[in-house]
Structure formats: structure tokens, C-alpha cells
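A quick write-up on the structure given underneath.
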Protein chains: 2
Amino acid sequence: MSAQNTPIAPPALPRPVFIVSDGTGITAETFAHSILAQFEMRFRQIRVPFIDSVDKAYEVAQRINEMYRSEGIRPIVFTTLVDSRANEIVRNTQGLVLDMFQTFIEPLELELNLKSMHAIGRVHQNADSEAYKNRIEAINFSLAHDDGQSNKNLQSADVILVGVSRSGKTPTSLYLALQYGVKAANYPLIPDDFERQKLPSTLDQFKEKIFGLSIDPARLSEIRNERRPGSKYAALENCRYEVNEAEAMMRRQGIKWLSSTHKSIEEIATTILQEIKLERDGY
Amino acid sequence: MSAQNTPIAPPALPRPVFIVSDGTGITAETFAHSILAQFEMRFRQIRVPFIDSVDKAYEVAQRINEMYRSEGIRPIVFTTLVDSRANEIVRNTQGLVLDMFQTFIEPLELELNLKSMHAIGRVHQNADSEAYKNRIEAINFSLAHDDGQSNKNLQSADVILVGVSRSGKTPTSLYLALQYGVKAANYPLIPDDFERQKLPSTLDQFKEKIFGLSIDPARLSEIRNERRPGSKYAALENCRYEVNEAEAMMRRQGIKWLSSTHKSIEEIATTILQEIKLERDGY
């Protein structure tokens, strides 16, 4: 047989992973992602949201079985389906079904001696709930108080972030507002403040809600250079000066702070909530 | 015995629920919340993040057992601990332990015929990863293109949201950027546009990435009245006019849209990602 006739195996497709949810499936997707990250191989996540009827469950089940047939790799299927009939339909597919709902509901029903409601849509806030309104209000507050834009209503802030330009204040403020309904203002620390050796005077009365972000000067210089290449603003020497001054000021004033250099937005937000005792219910 | 001496049972405390994670525990918390929402009773969620050592695991274990002793209600414990020793320590407490990690890792190891790495911190993006940079870029983009503030670089937008003022464009744009690294611009539809019966001309060339948000006029009037009570802007009649015109325009121009009235930010974002085929990997 000539080499030409030797069948060449096609490159293996990454294994398909279905996330089947009756809601958005966002939490399930993030969760599945963190589980799969423990395996040194490639996956293809396919989020299938809003599966809130038996008909839709049949459609997904068919899709899963068909993919198995056509690709020859058994799909992994994470489900969070509250409706038992829909759940049963997906469980009966040929995929490896990991049931994120029933797996935990059963031991809880035993422990609590209470039947669960099996009701869809118990989590996401309706646009007319109080919690939802707070969240939208927090987003508007954080936007209006981004980068020291406004001194109005600072007394309603839950937290006021301070730090040099590009230390991570804005993403953190928005995340706190969106995820937790926390009203987060943020103020840049600028050379004027360092010369006066004082925090902006508008912040004096709010010291207990101030939290600082700092950052490694080399990393800061890199970030600033992407925005304004070759500027004094981005120069390593200037970044060193600003960071040193900012950290010295925070130490002097007894302000709690962390370094954002190796942290994700989620890690920064979690640490702030712990430190300023702002822990709230998730939503 | 007089009534005074009859012991009165204290009001039952809500059952404590620990979320023990070696990372932020945000996903685990949201997940636990959605499971617990299926039970008609009150819970008290206690998130314990960053449990990344055996010592910290012992501390949490002690806290769980002590709470059981002092309150007499068995705590529920959701864990996502990658380290087997730390996990074992928490599993051995007297709480009802629901292991969100090992429960799914085991069947996956069998199915994939591959050992998991049991490595902490495989999920959250480091501040220096490419994905993280994209996310920060998306946040900056969405902020700079909020409410039609800028026409610059609209060609780099992944999606452009349009809709009347207060229909939910800003929170949705920020959520898309923060959660998915999607660059979302947003443009208000205003009476000028309705008179000309046309979309803002800057948007003409980007039609395939435009997505509309609409809202029930009565709900819109309510929202606007909170901001500007008694204004013409908030009047029901005006809201009806704007919403009708906006919907007519979107229909005429073949723009996909949804009503945000009864939807959470997550539901709106998920629908948009589906409709404009922007589905990406979660992070």
C-alpha cells in the first residue's frame, strides 16, 4: 500500500462540553470551566441557556446524541435543570451527564426534611425587585463617581477606592456594583496630592470607607505605555515615584490597601468586601 | 409555675451555610444560592474565601464545628477545595458537606481516563494574561462608548446596543464587558432620531452588530420618575411615544431587539450573545 492510501487520522477535536440550564447558565458555565481547568486537555464549551420546557429538552438531547454520533467523542454534559421531566430527558442522553442540581438537592432534602420546590427562575432578580433596583442604583452611583468625577453623595458610598491612575480602581468599582450592588466610588491619587502629602480633602470625613489599590511600578509602566507610549506619565521612574508616594500616604493615614498586580478583579473585590466588612448576600 | 418562668424558645436562627473555597468562592456562592433558593426557608450564607492551606482549612473546620455546638443547628457546607488534604479536613467536620469539586472530578477522571491536576488557581485570570487584558480593554471601551459618548473606533465594537433612555443599555454593556470581555457600545434613541425616522447616521455602517433594548412604557415611566419626578421626560404619555417610535424604527430597519422589562441583566446579556452569535468561552 502506498503512503498516499494510508488513512491519516484527523486532528482530534476538543471534547464537547454542553452546559444545559433553564436560566442563563452563566454560573454553571463558570463552574464547569473551573472544574475542567483541572484537566490538561482542550474542551469546547457549548452553553445552552433557557431550556425551560420539555420540548426544548428534547431538542438539546437530540443535539447531544447527534454530536456523539457525528464526532465519535462522548460529550460531557453539565445540567442545572430544575424541572424533573426536562432533567430526565437530558440525563437519558448518551453524554456523560453531571447533574449539578439533583446531586445537591437530594442530600439537602434529607437534611432539611423538606421537599424542594423544583421551581424555575427562583434566582435571577426580576427587573422590579428591590434587590434589582439596588443593583442598578449601585451601577449608576459607581459610574457617576468613577475617577473622582463627583463629590456629591459620597456619604452614600459603601466604599471609596483610591490609588494611582491605572491601578485597577474602575474595573473593581464596576464589578462591586454589578455583582454585589455595592456603591463604589473611586478617586485617583495624583501628584498634587503627593506634594500636599494629603488625601484629597473631600475624602477626609470618609476615612473608614476608603480602601487603597497599589500596583507594581514596572507593571504600571507597562499598562500606561500601552495607552500613552513614551510619555512621562508612563515612564518607569515616574511610576516608581507615584507608587512610592501613594503607598507611603496610605501607610501614614492608616488606610488598608492591597497590591492588584497579580490579582483578578474578582480577587480584589473579594478581599475588599472582607476587609471593610461589606459582605452581603450573593444574588 | 408562672408564665414568667416558662422558657420561651428563641426565634430560630436561619441555618448557616458555609461556602468554603480556595479562590474567591464567588461562583460557588452564586451556585449555592441558586440551589438553596429551591427551599422555602431562610439561610445565612457565610463565604470563606482563599482557603489555600491546611492551616486555614483547620481554622474553618473549627469554625464550622463551633457554630454547630453553639447554635445547635447543623451547618450546611459547600466546598470547592482543590487540595485533597484541605478538602479532607473540611469534609470531616460535623456539617453537611456538599463537595462541589470532588463530586464532579471523579466521574470526569474515569471518563477522560486522565488524572486531574488538583492545582489551585487554574481559573482566575492573572493580571498579566491575554484574556485579562482583553477584559480590561473591553471595560474601557464600553465606558468610553456609553450613552453615545464617542463615535471613535466603533468598528472595533462587538455589539452596539440601542434603545430609549433608561431601557437598560448601560448595565448590559458593562456586564458584557466585565463577564465576557465583549466590547459593547451603546447609543440612546432620542426624539431627534424619531423625527428623522432614522438611526443615528454614525451607526449606518454597523447594522449587523446593532441590538435593540425596549421596555414597557409604564415601567419606563416609573424608572424615569425616580430620577426626574413629574418631568415630561418621565410622563407616561411621552414614554409611550418614545417606546412606540423606537420599536417601529427597529422593526423597519430589521434590527433584532428584546424587551428588558422582566429580564435580569444576565438574561439580557445571554440573549444578546445568542442572537448576535457572540458566544465566547467563559472565563
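Just so you know, glycine gets a Cβ as well, placed from its N, Cα and C.
B:T170 (ADP binding site) carries a helical DSSP state (H, G or I). Annotated ADP binding site per TrEMBL: B:G163, B:V164, B:S165, B:R166, B:S167, B:G168, B:K169, B:T170, in sequence order.
Taking the mean position of the Cβ atoms of B:G163, B:V164, B:S165, B:R166, B:S167, B:G168, B:K169, B:T170 as the ADP site, the remaining same-chain residues with a Cβ inside 8 Å of that point are B:N186, B:P188, B:L213, B:I215, B:S260. Residues from the set of binding-site residues B:V164, B:S165, B:T170 situated with their C-beta under 8 Å of a chain A C-beta: B:T170. The Cβ of B:R166 (ADP binding site) lies under 8 Å from the Cβ of B:I215, B:L220, B:I223, B:R224, B:R227, each of which sits 6+ residues away along the same chain.
Sequence-distant contacts of B:S167 (ADP binding site), defined by Cβ-Cβ distance under 8 angstroms and a gap of at least six in the same chain, are B:L213, B:S214, B:I215, B:L220, B:S260. Around B:S165 (ADP binding site), the same-chain residues six or more apart in sequence whose CB sits under 8 Å from its CB are B:P188, B:I190, B:R224, B:Y233, B:E242, listed in sequence order.
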